[in-house]
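Inspection log for the structure reproduced underneath, given as structure tokens.
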Amino acid sequence: MEYRKNVKKMEDIGLITPEKIPSLQAIDKYLRSKTGFQLRPCGGLLSARDFLASLAFRVFQTTLYIRHHSKPFFCPEPDVIHEVLGHCVMFADPVIAEFSQEIGLLSIGATDEQIERLATLYWFTIEFGLCEEEEGKLKAFGAALISAFGELQHAVSDTPKHKFFDPYTTALEKYEDLDYQPLYFVAKSIDDAMIKLRQYAMDWDREFINVYDPYTQCIQQLTHEEYAKKTFKAVKEEIHRLSETIKACKIHKL
């Protein structure tokens, strides 16, 4: 699993150790080099709109306090253990980074109702998401599960309900923010969840599509026609590069 690989890499270079609380500055530098995600310390909980908007720019707002020693396996509010062992390790995975940013991009220009639904989708995926392994076994990819051993055991047991992830129904569910979840959503894969999220967003019938430019770190709002032209140009360039690479491989073999 990518999570275990990322943890090992961060342990090997001394970013995560059992002796001390990790340096957010060092982890920020590491994540920038891996997926372009940045950490920004915050003093408490943000509004859903502000939090999601940050993700659109690949910025993660992180808390700094640590849970009480009497409850090491579960913390109802995000703390540094949750942020580092949960989110930061996962943000080193390009797929999770893209999925998180996708939700953030959808939040730019969204209505209050759409923000509420996006926040719910974020909750049931990036925070408490499960996906299927071979033979039907459940695997956690949500940061809140990975960083809370107690709830992780609960989530993959027969105690809570499990439903397949479908944005249309998942976005309308109520969630529990002070105790273990009574319900978890299971995705076939993170890539599949991404496809379903994009299909769901297309039904919003907005006149624009938000596109992040990593070079300027700005967001462009393109019409559907502009987006189609931009995408077609990018695909055409990639096909040309692929064609040239194949030719080079054939020449090299000769």
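For all residues, glycine too, the Cβ spot is worked out from N, Cα and C.
Predicted, not measured: the structure shown is a model, and the values here were computed from it.
Feature annotations, courtesy of TrEMBL:
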- His82, His87, Glu127: Fe cation binding site (BINDING)
- 1-250: domain 'Biopterin-dependent aromatic amino acid hydroxylase family profile' (DOMAIN)
Model confidence over the domain 'Biopterin-dependent aromatic amino acid hydroxylase family profile' (1-250) (mean pLDDT, whole number):
91
Give the sequence-ordered list of residues that share a chain with Glu127 (Fe cation binding site), lie 6 or more positions from it, and have CB atoms under 8 Å from its CB.
Gly142, Ala143, Ala144, Leu145
Tell me which residues of the chain lie with their Cβ under 8 angstroms from that of His87 (Fe cation binding site), as long as they are six or more apart in sequence?
Phe60, Thr62, Ile126, Ala143
Shell list (Fe cation; ref centroid = CB of His82, His87, Glu127; cutoff 8 A):
Pro78, Glu83, Gly86, Ile126, Gly142, Ala143, Ala144, Ile146, Ser147
